[in-house]
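Peer 1: Structure incoming, see below.
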Ligand SMILES: N[C@@H](CCSC[C@H]1O[C@@H](n2cnc3c(=O)[nH]cnc32)[C@H](O)[C@@H]1O)C(=O)O
Ligand SMILES: [Zn+2]
């Protein structure tokens, strides 16, 4: 079993009540074996990483993504969500081959690894290729085939959704988990949606769905069912005992928030995407007051443009401070928890990752503080939340494997990936 020792780094465990301290961290195989001020090893480690100037913290967890949409980054911006989706994304996606999705996902994982994300939740199509890219990239992910019911009964999509779950759960040394993904209230009518909820319940499969992202969605669901999007899902029984990952949850009124109180799972807040699409500000303060778990995600690069979770961290805290005129809201420590252990709860991997603790899987990042914007160090959490960016990540480790070291990828050739992504992306958007 390979043993890696990181010496003399500042360790931010993100465990409740832990202050940062200078110490060593030992990885044995997939797991963190020990953390302490000065570890005494009986056998020398196979690899030693000198931790001077580095901060070890849990890898960030992106709780809502469409990684392959990285091929559509900065292709369609400054549009309303429904126009963006119907006129730009869906036509481009209709051209995507399975191989395009593989390379798009690889591009997304490369960006995530380079900006300190170690796990992500993804909803997309051609999921065999997404899963293969996750295996190849070395990341951890919770995958779901997005199921929409457009002019058909969605049967083929459901078959693919269940195929993903049956084929890939536990693959990649256990790095892959799966969910069922009815896409959104406005793309899933009551009959098939309640069937999906039943399947999820009887097979104990978690659900991943977009909820109340835009005002237009609220109007649409009101016209169709005379309900809010949250009421619509609630009445179909989605929150009775399924674990549910809700993406966005922007347009929730006080009654909607109360309906979600006590739910299993929680909300992936995507503030950068919501800001950029002018969707609104999710009621994060209110959801937290109702003890709803709130994690952070980016959404796809097709809308958010960036998968850098450090941008989400800033946007999440700034928005709540602004919305309520209260700078004490979502302090640095709390928003860093949202990007790590709270997101882990949404992916149901909180027992394995999300904090640095002996026995947990070694999913961690090393931030380089030897930079003007990261000196001096007073409050480390505040420094990271308010000044660090993804480019400050020096090293990314997932499941004990080093995926990036000194900002160099270890698992794939960036030149090849860049070439594939550029050629495929150009073909997808031609004439659109
Ligand atoms: N379009 C697929 C099924 C859905 S997969 C996930 C879908 O979510 C879409 N998507 C990405 N970001 C968002 C968002 O912010 N809101 C709603 N949908 C989104 C994305 O374009 C993709 O089509 C099919 O025909 O089978
Ligand atoms: Zn989305």
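Each residue, glycine too, has its Cβ placed from N, Cα and C.
Here the structure is a predicted model, which means the values were calculated and not measured.
Got these off TrEMBL a minute ago, pasting:
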- 56-402: domain 'Amidohydrolase-related' (DOMAIN)
- 64, 66, 210, 299: Zn(2+) binding site (BINDING)
- 93, 145, 183, 213, 299: substrate binding site (BINDING)
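Looking at the shown structure, can you explain where the listed features end up?
Peer 2: On its own chain, residue 299 (Zn(2+) binding site) has 64, 65, 66, 247, 248, 270, 272, 273 as residues at least 6 apart in sequence with a Cβ closer than 8 Å to its own Cβ. Secondary structure at residue 299 (Zn(2+) binding site), as computed by DSSP, is coil.
Residue 93 (substrate binding site): 21 other CB atoms within 10 A of its CB, across all protein chains.
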Peer 1: What mean pLDDT does the predicted model reach across the domain 'Amidohydrolase-related' (56-402)?
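Peer 2: Value for the domain 'Amidohydrolase-related' (56-402), mean pLDDT as a whole number: 97.
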Peer 1: Cβ atoms within 10 Å, counted per site: which of 64, 183 has the most, among these binding-site residues?
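Peer 2: Output for this query is 64.
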Peer 1: Of 145, 183, 299, the binding-site residues listed, which put a C-beta under 6 Å from ligand 2? Please answer none if none do.
Peer 2: 299
Peer 1: May I ask for the distance between residue 93 (substrate binding site) and residue 210 (Zn(2+) binding site), taken between their Cα atoms and rounded to an integer number of Å?
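Peer 2: About 18 Å separates the two Cα atoms.
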Peer 1: Using C-alpha atoms only, work out the spacing between residue 183 (substrate binding site) and residue 210 (Zn(2+) binding site) and round it to an integer in Å.
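Peer 2: That comes out at 6 Å between the alpha carbons.
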Peer 1: DSSP secondary structure for residue 93 (substrate binding site), reduced to helix/strand/coil, please.
Peer 2: helix
Peer 1: Rounded to whole angstrom, what's the largest C-alpha distance between any two of 93, 145, 183, 213, 299, listed as binding substrate?
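Peer 2: So the maximum pairwise Cα distance among the substrate binders is 20 Å.
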